[in-house]
Each structure stands twice: as C-alpha cells, then as structure tokens.
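Down below is the structure, laid out as structure tokens.
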Amino acid sequence: MSLDQLTIHNVRNLRELRLEAFERTNVIYGANGSGKTSILEAIHLLGMARSFRGTSAKTLISHGEAACVVHGVGTLSSGRGRYSLGVERRLNGELSLKINGEAARTIAELVERLPVQVINADSFSLLTGAPQARRHFLNWGVFHVEHRFFPEWQRFQRCIKQRNSSLRRGKLAGQELQAWTRELARSGSMINEYRQAYFNDLAPLFREIVGRLLPQIGSLELRLRQGWDKRLSYSEALEATLNSDQEKGFTQLGPQRADLKVMVDGHAAADTLSRGQQKLVVCGLKLAQGRLMRALASRSCIYLVDDLPSELDQAHSRRVCDELEAIQAQVFITCVERNDVLRVWPNKGEKLAVFHVEHGLVESELEQSSAPQLQGNNRESQSSHE
Ligand SMILES: Nc1ncnc2c1ncn2[C@@H]1O[C@H](COP(=O)(O)OP(=O)(O)OP(=O)(O)O)[C@@H](O)[C@H]1O
Ligand SMILES: [Mg+2]
C-alpha cells in the first residue's frame, strides 16, 4: 500500500498542487507557514476523510473557496495493482468519496484502502488525553487485521443505542430491554475478544520497540482495561448494573468504556514521563501497530510524521527514523530545514524523495540516504512541478 501521486485542490494554502514521484521515504521541508502540515493533512483526508488537526472541514478548505478536493493514485501491496482515491469536502458539510472512479458509500472503505498513521507534536496526547482516542487507536488496529471486527462494531453501536433508549423508557420497555441486553452482551463480548487477541500481539511488539527507542526507561507494561470487571462475563456485568443503568438511563459498562494504559515501573506513563519520552512511547504504540498490520495482514500503513524534531533530541529522532525505516512502510516526514531529517535518517543507500515547500508550492528533488555527510552522492534534481 503506497501512494505514488497526489493532487491537492484548495486545502489551506495549497490552492492547486500536484505531487508525484513519491519514494518509500518522502521528506517535505520548508519555512514556517509554507504548507508542510497541510500536505500531510491532505494525505490524511484521502485516507480518513478528515484532518488530523481536529478542526472542522471549514478550516481545512482554503479561505474563500466552497470545497477542497484531494485525489491520489497508489500501488497496492505486493504488486496487486493500482488504485485511485478521491475525497471532496464542501463547506456545506457534504462529503463525496471515490474509489477507482466509483462513488464509495462509507469512510470505512477509504480507511481500509489507505491506512494512515500520524506522528506529530500532539502525539503525546494519546497517553495523556481522554480514553476515546486510545479506544480509537485500538479499534483502528483491530479493524485492519480482523475483518469481522467492523460489522460487529456496527452491530454493537446499534445495540447500545437501542438498549439505552429502552433504559430511558423504563418499565414500558421490559421485554425489549431484555432482548437488547442479550444482543449487546453477545456483541460486546465479541468486540472484547477481537480487541484482546489484537492486544496480546501488540503488547510484546510495543515493549520491544520502546526498548530500542528508550533503552533506559525501566519496566514497561501495556494494559488493556476491557470496560468491566474482568472476573465477570459481559452478560453478568450488565446484569449486575441493570438497576443502576435504569436509573441513569444509559449502559455504564462495556467495550465503550475500554482503555489502554502504559505503566513504567508501576507508575502511569502519562503522569511520570517527560514530554519527549511520552512522544517516544506513543511512537512505540504506532510503530507496533504498523508492524502488526504487516505481520497479520501483509499490508503496510503510511506514516505521516509532522515535525519529528519537536520534543526529540537528535539521538532519539534517529532511533525513531531507524524504526520507521525498518518497518518498510511509506513515510512522509516534514521538517523546517532540509537536513533536519536527512541527518538522522538511516543510510541504507535508498533513494529519498525530497520536496521543498514555499508559499503553498512545491519543488521536488531526489536524494540518496543519508545525505549531508555524503556530499558526493548522486543528486538528480527534477524540474519543478509548479
Ligand atoms: N483555510 C485556510 N485557507 C488559506 N490558508 C490557510 C488556511 N488555514 C491555514 N492557512 C495557512 O496555510 C499556511 C500553511 O500552514 P501549514 O500549517 O501547512 O504550515 P507549515 O508549513 O506546516 O508550518 P510550520 O512549520 O509552522 O508547522 C499557513 O500560512 C496558514 O496560515
Ligand atoms: Mg506544520
């Protein structure tokens, strides 16, 4: 799964941009405000139909325009052919998705085709922020390796909505409540099983990767809280909280309350690690997902790495780059100065594509890794695309 070319229309300051000749590793550099993050956002839009900046479509669309459009052409893993994706977001909230020229109905179809992972200056918030982001992280991973997960997840969402509505209707909903509780217990247990199986594979990979990124860190543990007392079946837990659920009018326990926790020497990583260490732990989580996806589904995700040096010293940036390189996934990585990434990217003789962004326009160059120290390297400069 890799992206070969990208056309961007009206994403922030990128009015009309065509990028091509991507390599496995793509370095995007330029001054503050030039449009680097916007390029990553455009790729994210193509894979997730939304930005990773958590802002509405309104702020993503260039000022004064009614819509933004991103179109991408890529190659499927192990040479299984080419694909094209298109996403249009309009100011009025409309969203249209195309896969190989045909209209797609759901965002999940897009997500399945172009799995993207973001590592940026906000990444630490996966540890320190609300559990919803960690559930999303977990679901994303399971979605890509277990094809039964998504339909079950949709069933689970439907069941919990119906059960909550029955709970709010009180005694009137007696039999209906029983039926939805049974169905929710079944579906929630399946979701939990898929997550547990995924977690069991993820945890050792995570520990291994963080062990390389942060060798001094101490004893590291990744925990999964399933969302109810693990000594009980989900059905038993629902039974035990039935009265209280009825009083409150919603289902208190279940996979919708699951959470992941990282512990270091018995303390929560979110409370004890430095900002840079937190970023590295989150990198460990995201890199472990990429590895697992490759191992279990023979597919790879695309890493969008924004401003790697923020919070990281050179030695740790280098370790993250080593891991990214080893995963053999396609990487788009931004920095301000051309050499910020090139000086820490591993020298494996691989060609890197380098793009210089200026005021929303891009010039592309090719570079052999690892550049700055090897002045004599071949350096073909390609003509500007804009
Ligand atoms: N909706 C919009 N319409 C037009 N321009 C916008 C819009 N939203 C943001 N911009 C501008 O787009 C430019 C590019 O922003 P972007 O965040 O991509 O820059 P960057 O190269 O990542 O900068 P930095 O190095 O500071 O992170 C900025 O000048 C910003 O003010
Ligand atoms: Mg930026």
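Even glycines carry a Cβ here, placed using N, Cα and C.
Annotated features in TrEMBL:
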DOMAIN    3-341  domain 'RecF/RecN/SMC N-terminal'
BINDING   Gly30, Ala31, Asn32, Gly33, Ser34, Gly35, Lys36, Thr37  ATP binding site
REGION    366-386  region 'Disordered'
COMPBIAS  367-386  compositional bias 'Polar residues'
So for Asn32 (ATP binding site), how many other CB atoms are inside 10 Å of its CB? 6
Check the DSSP secondary structure of Gly30 (ATP binding site), expressed as helix, strand or coil. strand
For the binding-site residues Gly30, Gly33, Gly35, which Cβ has the most other Cβ atoms within 10 Å, all shown protein chains included? Gly35
Could you check which of the binding-site residues Ala31, Gly33, Thr37 have their CB within less than 6 A of ligand 2? Thr37
Proximal but sequence-remote residues of the same chain as Ser34 (ATP binding site) (Cβ under 8 Å, at least 6 apart): Val357, Glu358, His359, Gly360
Overall pLDDT for the domain 'RecF/RecN/SMC N-terminal' (3-341), taken as the rounded mean: 95
Secondary structure of Thr37 (ATP binding site) (DSSP, helix/strand/coil): helix
Within the chain of Thr37 (ATP binding site), which residues six or more apart in sequence place their C-beta under 8 angstroms from its C-beta? Arg53, Asn120, Asp306, Asp307, Thr334
For a quick check of understanding: among the binding-site residues Ala31, Lys36, which residue's Cβ has the most other Cβ atoms within 10 Å? Lys36
